[in-house]
Ligand code: HEM
């Protein structure tokens, strides 16, 4: 999840302060070490969300239980709760790393909260943490399925957990038929698009930059997956509103990034002229800006109108009905 952190690399502008200091490429191992404090904070956030979700289940206010009454037992379904908690910390870290990437790849703001070098490092470490959190979310979901399928032999249980969580198209129940492949798409795209940064000296900075741009797709898929499938944002209540609201700064920064790119080659210019590039290229860039502006307007409409796709919570939770097992 590393949007154009170093827009000047391989481009026309001056090299960043890091590059001037040292020609050594940034190594994955060094970044993994630097990501430790960041990852520790992410684990603490995950633990806090887990405790919150557990408390909601115990108090009877859990939206997850309202959607799936058979889950009304935090002690049994703790792995599911942990998967949800990793999903939320993953989404929060994805939000942070995308915001940092957009901040760094647009025209330099007059004031930054920290030095550019520090922000670039945070961007790289938070993106590594995001990938780990996304993976932990899917892994805990798989673990819960393995626990749940207790009538199958071990090989069958392991396969059911793995295939439903990681094989696109395998999960065949309800909204998950669409939402799970969207989540898998986000996870499977995040890993190469994020890690290519560490081999950019082999593939070329321009190729890396072109590919890395698509990391925004990872973020969009993650939010889409959550809105579609997250039981804690199932109903039109405050968690869903907050989730929509959080997308507003991302959309505004994306729009600013497109309107005022750091690299001259990405500016809109006049079509057909040298600075404006080819006419199809110009049309594509202009369409991107219009789409980003439309997203900002769309988000404002959703938040202001309250038409956010949330369902109404039933007055009474339906009686518990067990979730069918693979062996049933
Ligand atoms: C292999 C990929 C994935 C699988 C199998 C998966 C599975 C699931 C499942 C089963 C749920 C429903 C949980 C519930 O009852 O609320 C869910 C919700 C969620 N997922 Fe994923 N997911 C995947 C990828 C992702 C990614 C990449 C993100 C981004 C960080 C993400 C973030 C979330 C969030 C925030 C929720 C809402 C949890 C809640 O409502 O408490 N997921 N996911």
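Each residue's number is its place along the chain shown, starting with 1.
Glycine too: its Cβ is placed from the backbone N, Cα and C atoms.
Feature list (source: TrEMBL):
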REGION    1-23  region 'Disordered'
TRANSMEM  77-104  transmembrane segment
DOMAIN    93-222  domain 'Ferric oxidoreductase'
TRANSMEM  125-143  transmembrane segment
TRANSMEM  178-199  transmembrane segment
TRANSMEM  211-230  transmembrane segment
TRANSMEM  242-259  transmembrane segment
TRANSMEM  282-304  transmembrane segment
REGION    309-328  region 'Disordered'
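Highlighted: of the candidate stretches 77-104, 178-199, 211-230, 77-104 has the greatest count of Cβ pairs under 8 Å to the transmembrane segment (242-259).
Looking at the domain 'Ferric oxidoreductase' (93-222) alone, the prediction's average pLDDT is 95.
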